[in-house]
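Positions annotated as domain 'Helicase ATP-binding' by TrEMBL: 272-438. If you look up TrEMBL, you'll see 500, 503, 540, 543 marked as Zn(2+) 1 binding site. Among the features that TrEMBL reports, Zn(2+) 2 binding site is placed at 509, 512, 527, 530. The domain 'Helicase C-terminal' annotation in TrEMBL covers 535-692.
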Ligand code: ADP
Ligand code: ZN
C-alpha cells in the first residue's frame with residue numbers, strides 16, 4: 001500500500017503529494033500524522049490518501065512512524081483542506097496545520113529512551129527520557145552515542161507529548177481478591193489505616209485505578225499509601241488526564257418558554273435539523289430579541305437526535321456571557337476552544353472533541369475546524385464580525401467553511417446578528433439564505449431611546465474635549481439613581497499620535513508607513529503593526545519645535561477625566577492594556593456585573609453581547625472615528641458598532657437611554673443608527689455599494705505584491721496586472737497597482753491590485769497560476785499574496 005502524504009516543509013510549500021510505502025502492520029488511515037524521510041531529513045506530514053500505484057514505484061521510501069493512536073484529522077477535514085486550498089489560494093499544509101491545536105503543529109522532537117537497566121541507572125535520564133535537541137554538552141553527546149552503539153538506549157520521535165497532562169494513579173496489581181482478604185488477616189490489629197486501605201481495595205476493586213487525591217480524600221495518609229506502594233499492594237503509573245478550563249457557568253439553566261417569534265424561528269430550523277437539510281438561515285434579530293435562547297433550544301434538538309453542534313462566537317474572551325449560557329444549559333457536554341485558554345487546555349479540549357467526549361463545541365474562528373463528527377447544527381453568532389475572516393494565511397472565512405461543513409453533514413447553519421453583513425443579507429434577499437427576523441425584544445422591553453449629540457455645537461464638561469455637558473448630566477442622573485453606565489471609546493482607525501503644530505510633522509514608524517501610538521503608562525511610542533518602540537519625544541524630530549501635540553483620546557485620558565468629573569464614581573476600564581492578562585476580561589465583567597463599579601469605560605470590546613440589567617445609559621464618546629477610513633465598509637462597521645453598543649442599554653425592566661456624540665450627525669450611518677433601523681441602512685448602503693461597484697455587487701480579490709525593494713515590487717505588480725488585463729474582460733474591473741493603504745509594513749513595500757468581478761470562470765485558474773509563479777519569484781525576495789473577499793480594500 002502507498003500513502004499519499006502532504007509534508008510539513010516550509011521551503012516546499014506546494015500542494016504536491018509525496019508517496020510513501022506503508023510498512024506491514026502499521027495502523028494508518030486518512031488524516032494520520034506521520035513522520036517520513038524527506039531528503040536527508042525526517043519531517044512531519046499528513047496522510048491525505050492511499051493508492052496502489054505510484055509513478056515513482058521502486059524508488060519509494062518507507063514511512064517511518066504514525067504519530068498518534070487516533071488520526072488527528074478526520075476524512076471530512078482532509079477533504080475540506082483540499083477544497084479550501086483551491087478556494088482561498090492557501091497551501092494545503094498551512095490549512096491542515098490550522099485545523100490542529102498549536103501544540104500539534106510543531107514538528108517532532110528526537111528523544112533518547114533508555115532500554116537497558118544500565119541506561120536507566122544513568123542520572124541524566126531521571127527515570128524518563130532525554131530530549132536530544134536540548135543537549136549540546138560534548139561529554140554528554142559522547143555518552144549518548146555510546147549508549148546507542150551498545151543498544152542501551154534508543155531514539156524515538158516525540159510529538160508534543162509534553163503538552164499532555166499526566167496524572168499519577170494507584171492501581172491494584174494483578175492479585176486476586178482472595179489475596180487481599182488474606183493480606184487483611186495479616187495486618188496488625190492497630191494498623192487502622194492499613195486496614196482501611198485494604199478494605200477499600202477489597203470492596204472497591206472495580207473502581208481502581210484511583211488518584212492519590214481520591215485515596216487521601218478517604219483519610220488514608222500519604223505515609224500509608226507510600227508504604228502500600230512499597231509493599232506491592234498498590235502499583236503506581238502515569239496516565240493521561242485533561243486540564244479543565246474554567247467553567248464560567250455557575251448553575252444549570254432551564255429552557256425558557258419561547259415567544260411567538262422565537263417559536264417560529266425554532267420550528268423552521270429544527271425541521272431542517274430533523275430532516276437533515278443543509279439550509280443556511282439568516283437569523284436577524286434586534287439586540288435583546290433572544291437569539292441565544294433560539295440557539296440553545298435548536299442545539300438541544302440536534303443532541304436529541306444523536307447529533308452534535310458547533311457554535312462560533314466572535315471572540316470568546318469578549319463574549320464570556322455567551323459561553324457561560326451554553327455551559328449552563330449543556331454542562332459537561334460542552335468543549336470550548338479559544339485563544340484565552342492555555343495551549344495545553346486547548347489541546348485537551350480538542351482531544352475531548354476528537355474522541356467524541358464533547359457534543360457541543362463553542363469557540364472562536366478556528367473552532368470552525370473542530371474535529372466534531374456527525375454535526376447536526378452549526379451556529380455563527382454575530383455573523384457580521386470581521387474576526388471571522390483570518391487576516392493572515394490561510395485567509396479563510398469561517399462562514400464559508402461553515403457552509404461547506406453544513407453541506408457535508410447535511411445540517412442547517414444559523415447566521416445570527418442584529419446587523420447582518422451586507423453580503424449575507426443580500427444572499428438572503430436573493431433566496432440563497434432563508435431569512436428569519438425577530439423584531440421584538442424578548443422581554444418586550446422597548447428599544448432604548450437614542451440621542452445624537454452634535455459635537456460641533458455643544459459645550460464640554462471639564463477641561464477636555466471628550467465629554468459633553470449633555471452626556472455628563474445624563475451620567476450624573478444614573479449615578480444618583482445607582483444605575484450603571486457603559487461608555488464606548490471607538491478606537492477603530494484611531495490612535496494617540498504625535499503631531500507638530502509648527503510644521504505638521506507626524507511621528508511615524510521607521511519600518512511602516514503608520515503613525516506611532518503613544519502609550520503613556522509605559523512611556524513609549526509604539527507601532528501597532530511591527531512592534532517598533534521609541535521614547536515619547538519632547539520636541540519635534542523634524543523642526544525641533546517644542547509645540548508638539550498628542551492627538552486622539554485614549555481610554556486612560558477619559559478615565560482621568562471621569563475621575564475629575566465624577567469623583568465619587570467607581571470606573572472600570574477595559575481595553576488592550578487592562579485585559580492583557582489571562583482571565584482579566586472575565587474579572588472586569590464579573591466585577592461590573594456584581595455592581596462593584598458604576599461606569600464601564602472601554603473600547604470596541606465592550607460593544608458586543610454583554611447583558612447587564614442595571615445598565616440604563618450607554619454613551620458613545622466618539623462615533624465618527626472609523627467613518628473616514630479609506631475602506632469601503634467604513635459605514636457598515638460604524639452602523640454596526642453603534643447599533644450593537646446601543647443594544648447594551650435597558651435590557652431588563654428599567655428603560656434604557658443611549659447618547660451618541662458625533663461631529664457628523666447627518667451621515668446616514670449615524671443618523672440611521674439613532675433609529676436602529678437596519679432595513680433602511682441596508683437599502684441605503686446597497687445603493688452606495690452599487691454606485692461604487694463594491695461588494696456585494698462585485699466579488700473582490702486583492703493581490704498584494706511585497707518586496708524590500710520598492711522598484712521590484714512595483715515592476716512585478718505591473719507584470720501581474722498585464723497578465724490579468726489580457727485574460728479578463730468587461731465588466732471585470734482591475735484597479736491598481738497602487739501602494740497599499742499602509743504602503744510599507746515591516747520594511748516591505750506593498751503594492752496591491754484589486755480585481756472586482758461578477759463572474760470570471762478563468763480567474764481562479766489564472767490566480768493559481770500566478771501563485772505558482774510567485775513560488776518561483778520568492779527567490780528574488782518578492783512575495784505575492786492573494787486574498788479573496790478581503791475585509792478591507794484600499
Ligand atoms: P440577543 O442575543 O438577541 O441580543 P439575548 O439572547 O441576550 O438577546 O436575550 C435578551 C434577554 O431576554 C436575555 O436576558 C434573555 O435571558 C431573555 N430572554 C430570551 N428569550 C426569552 C424568553 N422566551 N422568555 C423570557 N426571557 C427571554
Ligand atoms: Zn512599524
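Here the Cβ of each residue, glycine as well, is placed from N, Cα and C on the backbone.
Annotated features, which come from TrEMBL, shown on the structure.
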residue: 500; record: Zn(2+) 1 binding site; Cβ within 10 Å: 21
residue: 503; record: Zn(2+) 1 binding site; Cβ within 10 Å: 13
residue: 509; record: Zn(2+) 2 binding site; Cβ within 10 Å: 25
residue: 527; record: Zn(2+) 2 binding site; Cβ within 10 Å: 20
residue: 540; record: Zn(2+) 1 binding site; Cβ within 10 Å: 20
residue: 543; record: Zn(2+) 1 binding site; Cβ within 10 Å: 14
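Each residue contributes its Cα atom, and for residue 527 (Zn(2+) 2 binding site) and residue 540 (Zn(2+) 1 binding site) those atoms are 18 Å apart. Taking CA atoms as the reference points, residue 503 (Zn(2+) 1 binding site) and residue 509 (Zn(2+) 2 binding site) are 18 Å apart. Proximity of the binding-site residues (500, 503, 540, 543) to ligand 2: a Cβ under 6 Å from the molecule is found for none of them. Restricting the average to the domain 'Helicase ATP-binding' (272-438) gives a pLDDT of 93.
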